[in-house]
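Taken from TrEMBL as is:
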- 30-47: transmembrane segment (TRANSMEM)
- 34-477: domain 'Major facilitator superfamily (MFS) profile' (DOMAIN)
- 82-103: transmembrane segment (TRANSMEM)
- 115-134: transmembrane segment (TRANSMEM)
- 140-162: transmembrane segment (TRANSMEM)
- 174-193: transmembrane segment (TRANSMEM)
- 205-226: transmembrane segment (TRANSMEM)
- 356-378: transmembrane segment (TRANSMEM)
- 384-411: transmembrane segment (TRANSMEM)
- 423-447: transmembrane segment (TRANSMEM)
- 453-473: transmembrane segment (TRANSMEM)
Amino acid sequence: MPKEYKNEYQPLLAKATKDRRRPKLPNKSLLLAVCAAGIGGTFQYGYNISVINAPTAYVQDFINQTWSERYQTQISDDGLTLLWSTIVSIFTLGGLIGALIGGTLSVRVGRKGTLLTNNIFALLAALLMGLSYPTGLFELLIIGRFISGLNAGIAICVQPLYLGEIAPTSLRGAMGMGTSIFITGGIFTGQVIGLRELLGKEEYWPILLSTTCIPAFLQLLILPWFPESPRYLLIDKGDEEGCKKALKQLHGIGDCDSEQEDIEKERNSLSGLQAKKPWELFADRSLRWQVLTIMVLNAAQQLNGINAIYFYAGYVFKQSGIPSDKIPYATVGTGACECITALTCGMLIDRLGRKVLIMGGYTLMAICCVLFTLTLTFQEASPVVPYLSMVCVFAFILSFGLGPGGVTNILTTELFTQNSRPAAYMLAGSVNWSSFFFIGLVFPFIVLGLKQYCFLVFLVICCLVIIYIFLVVPETKNKTFLEIQNEFQSSKKRQIGCSDGAGTILLSTSI
């Protein structure tokens with residue numbers, strides 16, 4: 001084509017590309033696939049986090065009674081606390097192991113195949129926890145919680161991978177928010193089911209803990225009707241027909257060609273490359289900044305103070321005059337608040353962009369840390385102050401859901417290409433679960449030492465993350481995975497190597 005004609009048609013080509021990437025309404029099949037993946041995926045993670053809170057006193061009574069019948073003596077308070085802490089915290093250990101194996105499974109049996117296989121763990125955990133009371137074996141609760149953690153760790157690693165790969169470029173943010181929406185939906189559902197009016201009574205606690213089988217059965221019934229990830233089919237398996245068929249089902253006949261073209265470009269750029277292992281990410285100098293970014297963001301997701309807010313929520317509600325027996329209903333309000341925010345973030349993310357939302361979320365959280373410290377310090381100064389504290393609780397949760405709660409997982413998908421994405425999720429999941437365990441272990445001592453001033457520690461963390469995102473993380477909205485990789489590396493090259501005039505996009509960078 002002559003140069004003058006090429007220049008003439010360049011704006012038309014650019015406009016066509018822009019129109020193709022403009023957010024549209026998702027295909028019905030795509031929405032149902034997201035729901036099918038989420039109900040047995042990260043929904044289980046959220047559900048298992050919250051459902052264990054309601055039967056705390058009943059499970060402790062069961063352990064006490066079982067110990068007494070087995071050993072003809074009462075268990076000590078320290079022993080009871082140790083066993084209960086083990087039941088709660090071993091979920092985190094299972095999650096860490098699940099995150100470590102989730103990426104490998106997603107490469108070997110596929111994203112959809114891993115999600116379906118993962119339900120075996122959910123069903124086994126439900127069976128063991130349901131049998132603990134009739135058999136008089138509290139050890140089954142420990143094993144069941146560990147297996148539930150295994151299920152959650154695999155789900156939170158593989159589900160975002162699947163959602164990010166089945167969504168078209170223009171809807172990748174909104175569809176990726178399905179991970180956060182189903183986590184918050186699981187938390188909210190666990191809180192509601194745990195109310196006394198439903199399964200929160202003493203005689204129902206074994207049934208309550210075994211209800212994790214319901215989402216597993218639903219996913220086993222629904223997900224098989226939807227295709228495997230098109231990217232996995234074409235890039236990992238070389239199945240062009242399977243990829244085209246999957247794209248037609250998920251995106252519709254009219255939009256599948258352009259998406260297949262993007263996938264083929266990525267396949268050509270990765271030709272001859274094998275799927276990376278997590279430790280190989282550290283050796284690849286071209287991925288150093290992406291790896292550092294997901295480690296920072298996933299650690300910050302647990303260390304930003306959200307767990308502290310939930311710790312103080314009960315105290316704040318009590319100080320605000322809410323009766324003790326009504327506090328669980330106020331706690332359900334926090335779960336509903338998270339759900340609403342996750343849905344709002346899903347509607348905004350492809351319009352405002354990832355960077356704006358995550359920076360905005362951390363900025364609002366930093367402001368809430370300051371205000372919450374002040375309201376807790378001057379709690380007795382005025383009858384109005386406890387209500388201001390309650391506003392801070394909900395504002396902090398809203399801010400978390402608006403940015404860090406949802407965007408972090410999406411960025412893990414977008415900053416890596418197909419051969420390194422599963423390893424990136426294994427690394428991100430490991431950091432996230434390790435940070436979850438660390439904050440659970442250390443936070444009681446932080447509160448003991450600093451009391452309400454512990455939120456100043458979280459203020460510093462939020463501010464440091466804001467600075468890091470501003471300086472390092474590029475906007476990824478409406479860009480293909482290859483474009484994101486090129487921009488990420490190009491921007492780092494300009495920051496680090498501009499003095500020697502290097503400007504080639506795909507050259508290696510260093511920290």
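Every residue gets a Cβ built from N, Cα and C, even glycine.
Whatever TrEMBL says is automated annotation, not expert-curated.
Worth saying up front: this structure is predicted, and the values here are computed from it rather than measured.
Below 8 angstroms of C-beta separation, residues 37-38, 40-42, 44-45, 48, 52, 59, 83, 86-88, 90-103, 105-106, 111-112, 114-115, 118-119, 121-122, 124-129, 131-132, 176, 178-179, 182-183, 209, 212, 229, 409-410, 412-413, 421-422, 425-426, 428-429, 432-433 of the same chain, each at least six residues beyond the ends of the transmembrane segment (140-162), sit close to that stretch. Residues 29, 32-33, 35-37, 39-41, 43-44, 47-48, 51-52, 54-55, 58-59, 62, 112, 115-116, 119, 122-123, 125-127, 129-134, 141, 144, 148, 193-194, 199, 249-250 of the same chain lie 6 or more positions beyond the ends of the transmembrane segment (205-226) yet place their CB under 8 Å from a CB of it. Contact between the transmembrane segment (115-134) and the transmembrane segment (30-47) is supported by 3 or more Cβ pairs under 8 Å, counting only residues 6 or more apart in sequence.
Contact between the transmembrane segment (453-473) and the transmembrane segment (174-193) is not supported: fewer than 3 Cβ pairs lie under 8 Å, counting only residues 6 or more apart in sequence. Averaged across the domain 'Major facilitator superfamily (MFS) profile' (34-477), pLDDT in this predicted model comes to 87.
Packing against the transmembrane segment (356-378) from elsewhere in the chain are residues 297, 300, 304-305, 309, 312, 345, 348-349, 385-386, 388-389, 392-393, 395-396, 398-408, 411, 451-453, 455-456, 458-459, 462-463, 465-466, 469-470, 473, 475: each is 6 or more residues past its ends and has a CB under 8 Å from a CB in it.
Beyond the transmembrane segment (384-411), the same-chain residues lying 6 or more positions past its ends with a Cβ under 8 Å from any Cβ of the stretch are 156, 160, 164, 172-173, 176-177, 179-181, 183-184, 293-294, 297-298, 300-301, 304-306, 309, 312-313, 316-317, 319-321, 333-334, 337-338, 340-342, 344-346, 349, 354, 357-362, 364-365, 368-369, 371-372, 375-376, 378, 428, 473, 476.
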